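**Q** Pasting the relevant annotations from TrEMBL:
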DOMAIN    B:34-553  domain 'Cytochrome oxidase subunit I profile'
TRANSMEM  B:12-35  transmembrane segment
TRANSMEM  B:56-76  transmembrane segment
TRANSMEM  B:96-121  transmembrane segment
TRANSMEM  B:183-209  transmembrane segment
TRANSMEM  B:221-249  transmembrane segment
TRANSMEM  B:269-292  transmembrane segment
TRANSMEM  B:332-355  transmembrane segment
TRANSMEM  B:376-400  transmembrane segment
TRANSMEM  B:412-434  transmembrane segment
TRANSMEM  B:446-468  transmembrane segment
TRANSMEM  B:488-511  transmembrane segment
TRANSMEM  B:607-624  transmembrane segment
Amino acid sequence: MAKTDKKVPMNHVIGFALSLIMTLLAAWAAIQSDLPVTWVIVFIMVLALLQAGVQLFMFMHMTEKESGGGAVPWNMMFHGFALAAILVAGSLFTMSFGFDHGDHGDHGGEHEEHMEMDDSEGDHSGH
Amino acid sequence: MGITDILVTGEPIIYAAMVSIALVSIAIPVLLTYFKKWGWLWREWLTTVDHKKIGVMYILSALLMLFRGGMDALMMRVQLAFPDLGFLDSQHYNEIFTTHGTVMIIFMAMPFLIGLMNIIVPLQIGARDFAFPWLNAMSFWSFFIGAMLFNISFVIGGSPDAGWTSYTPLSGAALSPGPGQNFYLMGLQLSGIGTLATGINLMVTILKMRAPGMKLFHMPIFTWSTLVTCFIIVFAFPILTVALALLTIDRIFGAHFFTLTAEGLPMMWANLFWMWGHPEVYIVILPAFGIFSEIIATFAKKRLFGYHAMVWSMIIIALLSFLVWVHHFFTMGAGAFVNSVFSISTMLIAVPTGVKIFNWLATLYKSKIEFTVPMLWSLAFIPSFILGGVTGVMLGMAAADYQFHNSYFLVAHFHYVLIAGTVFACFAGLVFWYPKMFGHKMNERLGKWAFWIFFFGFHVCFFPQYFLGLDGMPRRLFITNVVEWLPLNVISTVGAFGMGLGFIVFVYNVYYSFRHAEREKTGDSWNGNGRTLEWATTTPVPFYNFATVPYVDEIDPYVRMKEEGKTTYDESQLKPIHMPSYKATPIIMMAFLGLASFGLVFEWMPVAIFGLIGGVAVMILRSFDYDDGYYVSVEEIKRIERKARGL
Ligand code: HEM
Ligand SMILES: [Cu+2]
């Protein structure tokens, strides 16, 4: 129980450094880089996946010998991903699905103007 | 910026508050020095990692916050009943309803429940402490310092004034300049760290440290409710953390996540806030359900009816609680389809909630009820909470909500669920487990007075508010000299003062019982009606809780143990007990991070950076701390146990 293990946990140190570097890279891509928007998004997505991998393999005991060659917390991972899905899909659903933009739209005559408004607002919620 | 620039000036009430705060903050050190208690305070409390002591500190802080939030409430009620008096101005009124809501939910309800969990859950599962005692202390200090940071906004810098929901764009830098809103962001962020850590800590404790033989479906129902709550905490709080961080970046570093300009999405704040916020209301109600279940089973002297149904309904409530958040902004203007989906998911929650209500009623059915104070709170909870739940379903109908939303009808709804649910449960649980914490019970007669006064005050205060809402009175309204609303508002204010009086009696009872109550001689304090392991410990509970860890393979194990004349103590099985050492690092680390937060509030970057470096330094220091605790010798355990058990 009270075993004193003075080895430096290199795995954690490397993981910590990696996660910081990847965060900084993502920030750089978004703020400083001249990459086109699509590439910024792709780049950030890839970094996010790598980041998740670092967390799982270097911190979450996925590969630890002591827990029998890796106790994969499938249950919690499933819930984590389910929640992330609810967050993203739910936000898209509520923020941009079937918006009627208030009252306008039922009056026939001023169609042009409303088209414009819908467009600009549609743009907003698309982000 | 000089000190006079940041102090709030020009308000008699605030001057009074300053004077009293100054007096208290002078009085405490003076008294401590006079009675030579500094060392004691530091050694026994400020550096403790004992879950029982941390729990007591949580509950004391929560009571303090209940007082603060209650004062806010009474000031609002005075303004609403006597609008012509000019008691508050509109700015002050905005600040008060904001701090009231935030303090009550974040700094009162949650810490109170977490305090009870701290003390009781390890005892119920036969554990000697939390899985991570150091982390537990850190959680407490992050909550406490976060709460203090939020509270000083009253006299320094000015309070936040955009509601406890802090909706953007109002709460953004453009419309709410100055430190007020930053206090909200940093106070919640700091205490949120602690809540998240507690969620993880308790989850691991419950999953990994149960007594041998105890399966999940042998656990006491309060422990179950805690486990389910921890899952909600762990999944919901990161959303709040991120939302707060984004808004902080908006306000302090000029980003545009939630601003009106530069393609910000103000409504995204409401969306994220309620993705956390709705699970949050279940974080404060599920433990309450657990507490009532324990008390009702104890004083009905029966096993809880439908234990499995109770557990499953909590799990279903927890899952559904992540799927209903849009009901808080039906009026945002999403299409009918979106609203219908969330309308239905909202109403679905009423089903498992109803299952629980029927199970409590079935537990009471044909039982010999003992009307103790905790039982009175629990019995009062059932009908009162139903009123809150039914009106919740009414609010859940999207079309009808266009009428109810942001009216006093809503205010009445959430006070019916939060007070009759959470606050009643906090009082009930405190009285119920009081002997475990302090070695004596609270006086029954005073307890009954407190209960009846508070109970009537509550209904007199909030029942009229449903009708005020139906009459069209909006919430967060400062001017109410509309003749039609005045009578009901006056009645409501009378009720509010009734609740205040009930609270005073309750607190007086703490003092009175400390002086006069008989000290407990057995651990099974309620006439031998205890059913779960916490009652099998001696009173006062030794710091290691259980000298020998009991074997448990059924629900309500203590009932059978008593029938068979057994205790959890077996002297032949004694082994040295491994306990964690007390540490100063949690309080020091959180003090540094508190300083950093304070720096960010005023956007004094050097202070913020200094605090952050300090916090990280303590964290590193802690990483190289190889103290693995100490062992309590068998002789010492024997001595303590023999004395406590009168052997
Ligand atoms: C049967 C269960 C419940 C249902 C169907 C329900 C439904 C609702 C709905 C639809 C709203 C939004 C109304 C509006 O803004 O117009 C609401 C608000 C609220 N509910 Fe509930 N509720 C339930 C239980 C609870 C419980 C158990 C709690 C807390 C212990 C709670 C706390 C709140 C709070 C704090 C608000 C207002 C938040 C704000 O706008 O400041 N509710 N509820
Ligand atoms: Cu809700």
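Just so it is clear, glycine is given a Cβ too, placed from its N, Cα and C backbone atoms.
Keep in mind that TrEMBL annotations are predicted by a computer and have not been checked by a curator.
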**Q** Taking pairs 6 or more apart in sequence, does the count of Cβ pairs under 8 Å between the transmembrane segment (B:269-292) and the transmembrane segment (B:96-121) hit 3 or more?
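**A** Touching, yes - the transmembrane segment (B:269-292) and the transmembrane segment (B:96-121) meet the threshold of 3 or more Cβ pairs under 8 Å.
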**Q** Can at least 3 Cβ pairs under 8 A be found between the transmembrane segment (B:56-76) and the transmembrane segment (B:376-400), with each pair 6 or more apart in sequence?
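**A** Touching, no - the transmembrane segment (B:56-76) and the transmembrane segment (B:376-400) miss the threshold of 3 or more Cβ pairs under 8 Å.
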**Q** Please report, as numbers and ranges, the same-chain residues at least 6 past the borders of the transmembrane segment (B:12-35) whose CB is under 8 Å from any CB of it.
**A** 41, 75, 92, 154-155
**Q** Grab the pLDDT values for the domain 'Cytochrome oxidase subunit I profile' (B:34-553) and give me their mean, rounded.
**A** 93
**Q** Find the member of B:183-209, B:412-434, B:446-468 that has more C-beta pairs under 8 Å to the transmembrane segment (B:96-121) than any other listed stretch.
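**A** By Cβ pairs under 8 Å, B:412-434 leads among B:183-209, B:412-434, B:446-468.
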**Q** Any residues 6+ beyond the ends of the transmembrane segment (B:183-209) with a Cβ under 8 Å from its own?
**A** 98, 102, 106-107, 110, 114, 117, 121-122, 125, 127, 130-132, 135-136, 138-143, 145-147, 149-150, 152-153, 157, 159-160, 162, 166, 171, 219, 223, 226-227, 229-231, 233-234, 237-238, 240-241, 244-245, 247-248, 251, 590, 593-594, 597-598, 600-601
